[in-house]
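Scroll down for the structure; my scribbles are underneath it.
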Amino acid sequence: MAVRKLAPSILNADFSNLREAIAHLNGVADVIHLDVMDGDFVPNITFGPVVVEAIRSVTDLPLDIHLMISRPATFAKDFIKAGADWVSFHIEAVPEPRELLEQLREKGVLAGVAINPATPASVLFECVEIMDFVLVMSVVPGFGGQEMIVDALGKIAELKEAATARGLELEVEVDGGVNIKNMRMVIDAGADVIVAGSSIYAAPDPRQAALEMRAILDSY
C-alpha cells in the first residue's frame, strides 16, 4: 500500500513570514504544495519562480508546484530551475498533455495533470501511463478557503480503475476544501495525497492542525 502524504498549501499562509510558516510543518508534512496562478487561467494571481526559489532555500521538503496558468509549457522550466520536485498543469490549459508530461519527466521532476471539477475524468485515461500523479480539484481553482465539491471525489476511483486496467498504479492528489472533518471521506475515496491550505493556516495553531491531519492519515 502506498504511503499517504500530507501536502500543506501555503496559499493561506502568512507571506510576510514564510520561513516560520514552513517551519510549522517540520516533521509533519511530506510535501509543500505551491499554487501558482496567473490571473488568466484563474482570476487570482499568486507568485512566480522567485518565491519558489526562496522557499526552496528554507526547506528540504519536496516542492509540489501546481501550475494554474494558461501557458505551463512556457514557464514550467523556470519553476523547475527554482527548485520544483513535482509539477502539475491543467488538462483544461493543455488538452494534449502527453508532450509536456514527457518533457517534465525528462527534466527529472514528477509530472502530473490537474483536472477541474467540471471536467470528466475520461479525458485523462489515454495518458495515465505517463503521469506520475493526477491532481483532482475538489473546488473551482483560483481561491483558497472554498468548500469541497464532494461529487469531484468520484474521479478518484475512475482514474485509478483506468490505471489498473493498464497494469499501472496512479497516485492521486486531492486539492480543495479538505479539512479535519471531511478528510476521512477523501481518503476512503482513494486519495493518496491530501492538500490542505486554510484548514491548516487559518487555524489558531497551524502546527497542531497539521498534526491532527497527520494523525488521521497515519491511522490508515
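Even glycines carry a Cβ here, placed using N, Cα and C.
Owing to the predicted nature of the structure, the values given are computational and were not obtained by experimental measurement.
Here's what TrEMBL has on this protein:
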{"type": "BINDING", "residues": "SER9, HIS66, GLY142, PHE143, GLY144, GLY145, ASP175, GLY176, GLY177, GLY197, SER198", "note": "substrate binding site"}
{"type": "BINDING", "residues": "HIS33, ASP35, HIS66, ASP175", "note": "divalent metal cation binding site"}
{"type": "ACT_SITE", "residues": "ASP35", "note": "active site, proton acceptor"}
{"type": "ACT_SITE", "residues": "ASP175", "note": "active site, proton donor"}
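Feature map: TrEMBL annotations on the structure.
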{"residue": "SER9", "record": "substrate binding site", "Cβ neighbours (10 Å)": "24"}
{"residue": "HIS33", "record": "divalent metal cation binding site", "Cβ neighbours (10 Å)": "26"}
{"residue": "ASP35", "record": "divalent metal cation binding site", "Cβ neighbours (10 Å)": "24"}
{"residue": "HIS66", "record": "divalent metal cation binding site", "Cβ neighbours (10 Å)": "27"}
{"residue": "GLY142", "record": "substrate binding site", "Cβ neighbours (10 Å)": "16"}
{"residue": "ASP175", "record": "substrate binding site", "Cβ neighbours (10 Å)": "28"}
{"residue": "GLY177", "record": "substrate binding site", "Cβ neighbours (10 Å)": "23"}
{"residue": "SER198", "record": "substrate binding site", "Cβ neighbours (10 Å)": "19"}
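DSSP assigns SER198 (substrate binding site) to a helical segment in the three-state reduction. Rounded to a whole number, the C-alpha distance linking ASP35 (divalent metal cation binding site) with SER9 (substrate binding site) is 7 angstrom. Cβ atoms within 8 Å of the centroid of the Cβ atoms of HIS33, ASP35, HIS66, ASP175 (the divalent metal cation site) belong to the same-chain residues ALA7, SER9, LEU11, LEU34, ASP64, MET68, SER88, LEU135, VAL195, GLY197, site residues excluded.
Classification of GLY177 (substrate binding site) by DSSP places it in coil, neither helical nor stranded. Note: the CA-CA distance between SER9 (substrate binding site) and HIS33 (divalent metal cation binding site) rounds to 4 Å. Distance between Cα atoms for GLY142 (substrate binding site) and HIS66 (divalent metal cation binding site): 11 Å, as a whole number. The two recorded residues, HIS33 (divalent metal cation binding site) and ASP175 (substrate binding site), have Cα atoms 9 Å apart.
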